[in-house]
Amino acid sequence: MRLVVPGQHAMGNCCWTQCFGLLCQERGLMQTGGSGTGSKCFRACPRVRDLIFWRDVKKTGFVFGTTLIMLLSLAAFSVISVVSYLILALLSVTISFRVYKSVIQAVQKSEEGHPFKAYLDVDITLSSEAFHNYMNAAMVHVNRALKLIIRLFLVEDLVDSLKLAVFMWLMTYVGAVFNGITLLILAELLVFSVPIVYEKYKTQIDHYVGIARDQTKSIVEK
């Protein structure tokens with residue numbers, strides 16, 4: 001994977017959408033070339049776009065709040081404790097609802113049956129064909145990752161291997177300040193805030209980003 005010099009892009013393009021588009025190119029979600037990199041990639045995954053752009057406030061708020069609470073819990077407690085508490089909370093809700101419905105049915109002498117019967121009857125069996133399809137799709141990504149790792153560590157391209165070495169060296173300083181959970185929390189906050197802020201203030205942000213790019217390019221040329 002090669003780095004892209006920021007000055008080579010037009011001022012009107014968004015930095016994070018270009019990076020997201022490059023990631024989609026790597027994953028085969030879109031075709032290379034052409035304009036509108038970020039929009040093409042988002043058209044390939046419209047649910048993700050709607051989620052991070054807060055198109056449905058309730059759905060995005062639920063996903064954002066749930067994942068943020070999960071990450072904050074993992075930062076304060078062990079994984080075993082967090083998983084145990086989550087399972088206990090879920091069981092508390094389902095058992096309480098089951099007992100409540102049983103009492104209501106006994107008082108009203110109704111025969112509604114099990115309150116979760118509709119969900120219990122859902123066929124969630126994974127067929128062998130579907131399993132093989134998922135495995136084949138996963139193996140494609142695994143093989144790409146293995147090939148990339150071999151290229152980098154066996155120095156097929158010296159520049160790419162040096163980039164990885166520099167990146168890992170910088171990450172040692174990041175790791176000295178933040179742990180993995182903290183970085184995930186920051187990443188989630190950025191994912192759910194940067195896109196909507198950029199969409200609202202696109203003109204102003206592009207203007208100042210363009211000025212910064214021009215200044216950087218002129219300094220590099222000198």
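Cβ from N, Cα, C; glycine included.
Automatic, uncurated: that is what TrEMBL annotation is.
Here's what TrEMBL has on this protein:
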DOMAIN    48-222  domain 'Reticulon'
TRANSMEM  62-91  transmembrane segment
TRANSMEM  176-198  transmembrane segment
Cβ contacts under 8 Å made by the transmembrane segment (62-91) with residues that lie 6+ beyond its boundaries: 51, 179, 181-182, 184-185, 188-189, 192
Mean of the pLDDT scores, which run from 0 to 100, over the domain 'Reticulon' (48-222): 90
